[in-house]
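Asks: Submitted below is the structure of interest, expressed as structure tokens.
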Amino acid sequence: MPWAVGRRWAWITLFLTIVAVLIQAVWLWLGTQSFVFQREEIAQLARQYAGLDHELAFSRLIVELRRLHPGHVLPDEELQWVFVNAGGWMGAMCLLHASLSEYVLLFGTALGSHGHSGRYWAEISDTIISGTFHQWREGTTKSEVYYPGETVVHGPGEATAVEWGPNTWMVEYGRGVIPSTLAFALSDTIFSTQDFLTLFYTLRAYARGLRLELTTYLFGQDP
């Protein structure tokens, strides 16, 4: 009936309006945030260690980040490599810093993997330490290959196909609505692998990052 169709369109219009307002509110909120890290800062630090053994590179990077940003990088006893299954690919990550609007982590795969990048309310950049990163951008018919020392930027709302060769490791920085990225990052873990221990490890790492940021905000950091 005509009135039913009209009512349906009214609900659709209301839903789209709410989504638009929510998106605008989110970006206004991000515009008011003061960020701890900068994308180019992380990329430049990572480039210094590109080509080294990835474990050596990561250990040196962590030391430097703690020197530059005391109180914002998790202590050694809380660093943990955790599997990530998302978008059909499998890798591992070690979270160094996390807040509601930023994160810094180490990421990679020992075996190689490929799949969907995901779409995020965040900008994500990866600077490669070792291996290769293949990216096929939406709307194109050719892929691009990135090598150690190069940075791959994934903009908000973008989607790509990604492939990492064996022993590919990188430093990743994300800025945006970070909790929104967890839905994609945990989807395969919940609905496919059902590896709930990994789910616990991931949520615990993020909670530790939030706790550290709250502690530093409330009590400061000893020089």
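Positions of Cβ are set from backbone N, Cα and C atoms, glycine also.
Just so it is clear, the model here is predicted, and its values are computed rather than measured.
Checked Swiss-Prot, it gives:
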type	residues	note
TOPO_DOM	1-9	topological domain 'Lumenal'
REGION	2-8	region 'Targeting to endoplasmic reticulum-associated lipid droplets'
TRANSMEM	10-30	transmembrane segment
TOPO_DOM	31-223	topological domain 'Cytoplasmic'
REGION	99-106	region 'Important for ligand-binding'
SITE	Asp126	site 'Important for ligand binding'
SITE	Glu172	site 'Important for ligand binding'
REGION	177-223	region 'C-terminal hydrophobic region'
Asks: Quick one: Cα separation, Asp126 (site 'Important for ligand binding') versus Glu172 (site 'Important for ligand binding'), in Å?
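Replies: Approximately 4 Å lies between the Cα of Asp126 (site 'Important for ligand binding') and that of Glu172 (site 'Important for ligand binding').
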Asks: Let me know the most crowded of the recorded sites, choosing from Asp126, Glu172 and counting other Cβ atoms within 10 Å.
Replies: Asp126
Asks: Count the residues of the region 'Important for ligand-binding' (99-106) that DSSP assigns to helix (H, G, I), to strand (E, B) and to coil, and report the three numbers in that order.
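Replies: DSSP composition of the region 'Important for ligand-binding' (99-106): 0 helix, 5 strand, 3 coil.
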Asks: Work out the three-state DSSP category of Glu172 (site 'Important for ligand binding').
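Replies: For Glu172 (site 'Important for ligand binding') - judged by DSSP and reduced to three states - the answer is strand.
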